[in-house]
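Worksheet: one structure, shown below.
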Amino acid sequence: MARKLSHQRVTYVLPLPDAPGGHRLGVNGLTVDRQNSILYSAGRDGVICSWDLNFLPKDASPPDQKPSPTGFKTQVQAHSHWINDIVLAQDNSALVSASSDTTVRLWRPHSESTEVPERIGKHTDYVKALASPGSHATWVASGGLDQKVYLWDLNGSGEVLNINAGGEDSTDKGSVYALGAVSSVLASGGPENVVRVWDPRSGKLVTKFVGHTDNIRDIMINQSGNTIMTGSSDQTIKIWSLTAGRCMNTLTMHNDSVWSLYSDHPDLSVFYSSDRSGLVAKTDMRGSADPDQGLCVAALQEHEGVVKVVAAGDYIWTATPKSSVNRWRDVDTTVGIESPPDPDRTIDSATVLANRSEKGPKKIPFNAVLQLSATSILGGSAPTLNSSEPDLEAIGLTIPVHSQPEETIEGQHGLIKCLMLNDRRRTLTQDSAGEVVLWDLLKCIPVQNFGKRHMDDVESEVNTVDSIGHWCAIDVRTGRLSVILEPNRCFDAEVYADETDLPPSDLYQFREDQRINLGKWILRWLFAPVVDEEIRRDREYRQAAVARAEENARLNPLSTSVPGDDIPRSVGIPISNPQQRTSLRPSSEFPTSPNVGYGINSGTPSSNYLSTSMQSNSPFPGFEPDTPDASVPTNSQPDGGPSSFSSSDYFSKRPLAAPQTDTDKSLLSPPDAASNSGLSQSPAEPDKEERKKSLFGKKFQFPKKLGRNSTDTKPQILEEKAEESEISSIKEEKVYEPNLCGVVDRIRDDYEEFLATNPDRDLETALFPSSEDETPRLEIPSRTAVFIQEETGDTAVASDLYRGSVGRIGEDLERLKKSIPHWLGELLLKNQIPFKEQVKIAFVLKPFDDTLPPVVKPEPLAPNGAPPGNPNTNNNGSRLNANRMLRTKKILAYVAERIDPANLDEPAESVMPPEEYLELYCQKMLCPPNMTLATIRTHLWRTSGDMVLHYKTNGKKDIHPPRSLLGIDENNVLAEEAQNGNSHGHAPPGSIHSVTNSGSVAGSAIT
C-alpha cells in the first residue's frame, strides 16, 4: 500500500482572561467517584474538570437538608478537540477520555504531575464512546467513526485488541457511537441500528440484535453479562437477553431521542434515561416480574437536551450543551404514588409545582408517573376491583417532579464565533454570552471589548479596506481562538512596517516601504527560546570542534598539507576528497548567508537568503566557488525560470525580445555589456551616469523580455547531479531526520567537513535567525498554548506531536527537537522558508483621457496598416506585471520617471513626490497612495481580466514629457529598453534586488 503523505503544522491558541475553573463550552461527559466524593466532567472545550462534592454520595441525606456547595478542585486541558466520553478505571485512580482529536488519553487526577494526560490509544477518526469492564480491569474499550473498536492497555502497553465493528458487511453507517462492556461481553452500536455483541478476549462476533430503527446512542450491560440495555434515537429503550437471543422488552416512556443511560445497579433494575427534550426519567423494576410492570417517574426537566446523566446517593447530575452542570435531588421510588386527581377538576401545572415546593413530596405525584410501554400498567401495579385506571388525556401532560436544580456548577463563556478581518492581523470573536471582542493575532491578546452587540455591526466599524494573503486559519471549536499555520501558506502574507502598530521609536530601523512577513514574524517569537538555546549550543559546539581540529592537526601535521585519500576524518562523518571537491557545498536546499536579516538594501529583507552575494555563499571564510555555476544558483529562479536579477522590477512588461540563453553570463556581466548584445543604444535614453543620478533610476528598470527557457537553469541542475554522482563513490549520502535534529546535525556535519581540511581557519556560525529589523520583537503571553501537529491522509484530524505553552518551550527543548518539522527548523535557525512562486497581478497602465503621454510609446503600424506582431498576442506596451503588494505611489513613481524625467534633474530637496502631483484611478475611483495592487483589484476593480489603471495630473506641477515619447522608431524603442535593462538589471545582487519570502525575485528594484 502506498505511503500516506503527511505534513506538520503549527497551531497556537490565544489565552483567555483569567477566570475561575470550569468549562467554556457544553459538557459531554460525567462520572462520579463515590469513594472520594468527586465529580468529573468533560466538555467540548477539551477540558476535564474535577469537582469536590463535599459529601459522600453513598450516604443518604434528609430531603430537607441543604447540601454543601460543590467546590472546584482542578482541571486539565486533556485534548485539542471535543471530549465525547469519560470513564473511571483502576479503582478510580485513573480517568480515561475519548476525543474527536482521535486519541484516547489517561489522566491520573490524584498524582502531583502537571503533565498532559498520557495517550494510550489512537483512532483514525473521532472517538465517540468508551466502556470499562470494571474498576479492576486492565483494559478499556473505545469506539469511533473509523468503524473500529479497540481495547487499550491501561498501563500504556498500547493496543490489546482491534475489532472491525462493521463486520464483513461493513457499510458507511458502521461508525460506533455506543459501547458497553463487562469482563466477558462487549457490545457496540451506532447509526447502522444494529447491536453487535463481541467476545473481548478473541474479538469474535458473538451475535447481533436488530430491532432499533435509528442511531443507537448508549449501551449498558448487567454485571452477569446476560442482559443488554440500549437507548436509541428512535425514542425507545430496548432490553435484550443474550440467553434468549432476542429483545425482551421495548420501553417507550420517552417522546424524543434517547441520548443517555445510567445505572449503578448490578442487574440494571434501577436506571436513569435522558432525551433530547431535556427529560430525565428514573425507572425502578425491582420486585417486578416483568419490566413493563416497573415504575417510571419523570424526575426532572432541563431546558435543553441532556447529553449525559449520572446519579449517586440522593442526587442526579445532568450535562447539557451549556457549560454548566446541574445537580438535582433524586426521586425516591420506594415511596407510594399520590392518588390520581379528580378528572373533573381543572388544575394547572404552576399550581402543582407551587404546592410541591411548599413541602417535600411524601409521595410521587401522579402527574410525574410515566407509562413504560403501550402494554404496561400506569404506576406499576394492577388496579383493584373498586378502582379504575384514570384517563391520561383527562389528567393532562406529564409534570416532572423537579423543574429547577438544587445547585448549578457554573461554567465559563467560551468563544462560539470568529471572523477574520481584512488586515489578517485582527479577529473578531463572540462568546456564548454574546460579547464581541477584537483580538490581535500577533500579540495574542484581546484589543477591545465591544460588549453584547451583533458581530456584523462591529465588523463594519473596525474592518479596513485591505487585501492581504491568507496566511493562517482560525477556529473556536474548543471555546478558545486557535490560529493554524500550514507550511504551504503561512508565509503568503506581508504587511508594510509603517502600517503595523509598532511604536514610533521602533519604526526608525525600517526602510521606507519595508514589508514584514506575518508568518515568519509570529513563528520567530513563538519559538524564541529554541533559537536562543540553539545559538548557545552552536557556540559551544564550534569551540569544541575547533579544539578537536587543532589537536588533530598537531598530532598529524602532514595530513592537511598533502591532499589525498588519507584525509583525517571525524568519527562517523565521511569527508570527500579535496582533489575532487575543493569548495564547500551548502548542505541544504538553500544557501546560507552571513548577512541574512541585516541587509538594509534589500527590498523585502524577509528572504535575503536567496540574494546572497557571490563573494560569500558560505559561512566559512576562504571558501570561494570554483566556477559561477558551482555554487547554489542563488541568482536564478529555482523553478528553472529566467535570471532573477535581469527581471527584478516591481512590475515587468510582457516579453518583447528574445530570451538570453546563457544565464551565467547574464548574471555576471557588467552593466556595459549591453554593447555586445547587438542592440544599438537609443539616443533618447540618458546615459548611465545620468540614470544613476536620477531620483527613481534605481527603483525602476525598463522591462524587457526574458522568456522562460528551460535551458536557463537546467544545465546547472544536470551538472550538479553529475558532480554528486562523481562524489557518491567516496562520500555516502547521509540521511537526516526531517526535524530540528536533522537541521542541527547537517550544520554540524558541515562544520566537521570544513575543519577536516581547514583546521587552521576560523569557524563561523551557520545559524542566522531573522533579526529584529526584519521581525520586530513580540512579547507573547506565556500562557499561549503551542501545538505541533501532523496531518496524514489516513486520519480525519491532525495528531498532536507536541503540546506546550510559550512559557514552557525553553524547558521542552529536547522534546521539541524531535517534533519541530524541518521547514520550521530551517526558518528558525537559517531564516529560510520553502520556495513558492510569487503571486503577481497583471494590469494595463494608461493616461486618463489621453491628457498625458503613455509610459511607453505604442509600436508603429505595419506597412499594410495592420497592428504589428502576431494578432493573437497582446502588444500593448503598457501591460505590466507586479507584486500584489506594490503600492499606488510606486506605480506613480514609475509613471513619473517615464513621462517627467525633468523632475529627476531637480535638487533632491525641491523634488515633489510623484504622488503629490499625479493620481491613479481604477474604475473612475481614486486610489490612495498606500493602497496596494491586491487591494485595488479586490475592492475597486472587482472583476476578471487585467486591471486597467489610469493616471492623470492634479495640476500641482507642469509635466514635460521626453521627446522619446513623442515619436521614435521601433529600433530606438528596443534599444532604449535594452540599455535600461542592462544598466539596471546587472547591478550588484545585494544593492538593488528585492527577494520575496518564498525565494523568488519580487520584481522590485529598491535600494
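Using the three backbone atoms N, Cα and C, a Cβ is placed for every residue, glycine included.
What TrEMBL records for this protein:
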COMPBIAS  576-619  compositional bias 'Polar residues'
COMPBIAS  636-650  compositional bias 'Low complexity'
COMPBIAS  674-683  compositional bias 'Polar residues'
COMPBIAS  857-870  compositional bias 'Pro residues'
COMPBIAS  993-1007  compositional bias 'Polar residues'
REGION    556-728  region 'Disordered'
REGION    857-880  region 'Disordered'
REGION    979-1007  region 'Disordered'
REPEAT    20-54  repeat 'WD'
REPEAT    76-107  repeat 'WD'
REPEAT    120-162  repeat 'WD'
REPEAT    183-208  repeat 'WD'
REPEAT    209-250  repeat 'WD'
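Per-residue confidence over the repeat 'WD' (20-54) averages 94 (mean pLDDT, predicted model).
The residues of the repeat 'WD' (20-54), classed with DSSP into helix (H, G, I), strand (E, B) and coil, number 0 helix, 19 strand, 16 coil. The repeat 'WD' (76-107): residue composition by secondary structure is 0 helix, 20 strand, 12 coil, according to DSSP. Within the repeat 'WD' (183-208), the DSSP-based counts of helix, strand and coil residues read 0 helix, 13 strand, 13 coil. DSSP places the residues of the repeat 'WD' (120-162) in helix, strand and coil in these numbers: 0 helix, 25 strand, 18 coil. With DSSP states grouped into helix (H, G, I), strand (E, B) and coil, the repeat 'WD' (209-250) comes out at 0 helix, 24 strand, 18 coil.
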